[in-house]
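Annotated repeat 'Solcar' per TrEMBL: 6-93, 100-203, 212-301, in sequence order. Residues or ranges marked as transmembrane segment by TrEMBL: 12-32, 281-307.
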Amino acid sequence: MADKQISLPAKLINGGIAGLIGVTCVFPIDLAKTRLQNQQNGSRLYTSMSDCLIKTIRSEGYFGMYRGAAVNLTLVTPEKAIKLAANDFFRHHLSKDGKLTLFKEMLAGCGAGTCQVIVTTPMEMLKIQLQDAGRIAAQRKLMPETVAAGTVETKSPTAMQLTRELLREKGIAGLYKGLGATLLRDVPFSIIYFPLFANLNNLGKRGVDGPAPFYVSFVAGCAAGSTAAVAVNPVDVIKTRLQSLNRGSTEDTYSGVTDCIRKILRNEGPSAFLKGAYCRALVIAPLFGIAQVVYFLGVGEFILSFLPKKDN
């Protein structure tokens, strides 16, 4: 209902817990997505998601699939919390003046996507460097012709080392490289995802005001998430390429979004914009399905119920 009060702290807790659970489950697929998207013609090391994961385990061990997971788990909590809570916040206030129309639902999603990039951009920047380090190392061993002559093999950097290096060389702007592409990805994603999820979830509600069963929320989250993920995958490819700092000697570098689009079209063709789409759908679908189940189960509200109430 429009006048129902929302608990922002509870929503933030729900979003954070949902993000932690979801990322833990799907991170290896996300790693494969990043490596597949970063491959360019002439330096293709992996043929598919399964091939990427198998080669990663062989060359880096099981935990190689979790490169960058610490950064993601640390920062996905505020990122998911901001995204889900902001959408609820905007929906709540936009519905005060009457029915929540599709346009208002999209507007709420737009607001949520804009808010989340504050955390998303640095998180993605660091995560991509860590995830892609194994691909560059594997290229050095298996495809030495793609690595610049005289390049010395170095140990993969840690998240803290990368952060210090970026801050020292480029300041805070270094962590926000690819901000424009991140906005172009996350805002349309949220505009598509949140209204689609809300309408799919409403189809399974018990009665007019009754909540939907948890399995309906899960399926709705998976369906809306995978649809939105594939829709914005071309921008995700651009964002991944722009935020990758290390490249092979035969791989293109990009000065911005327009330059990236032009070079991908010229050298790899339109199909390159769909690289990793399958993996991205497999990542986002369960991630948001799990998120919505945690959200609608009211885990945050349950936790806060144990805190002492302030006397009025």
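Here the Cβ of each residue, glycine as well, is placed from N, Cα and C on the backbone.
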Residue list, the transmembrane segment (12-32) vs rest of chain: Cβ under 8 Å, 6 or more residues beyond ends.
46, 49, 52-53, 56, 65-69, 72-73, 76-85, 131, 276, 279, 282-283, 286-288, 290-295, 298-301, 303-304
Is the transmembrane segment (281-307) packed against any residues at least 6 beyond its ends, judged by a Cβ distance under 8 Å, and which are they?
7, 9-15, 17-19, 21-23, 25-26, 29-30, 33, 49, 80, 84, 193, 197, 201, 211-212, 214, 217-226, 228-230
Can you give me the average pLDDT across the repeat 'Solcar' (212-301), rounded to a whole number?
87
Please count the residues of the repeat 'Solcar' (100-203) that DSSP assigns to helix (H, G, I), strand (E, B) and coil.
84 helix, 0 strand, 20 coil
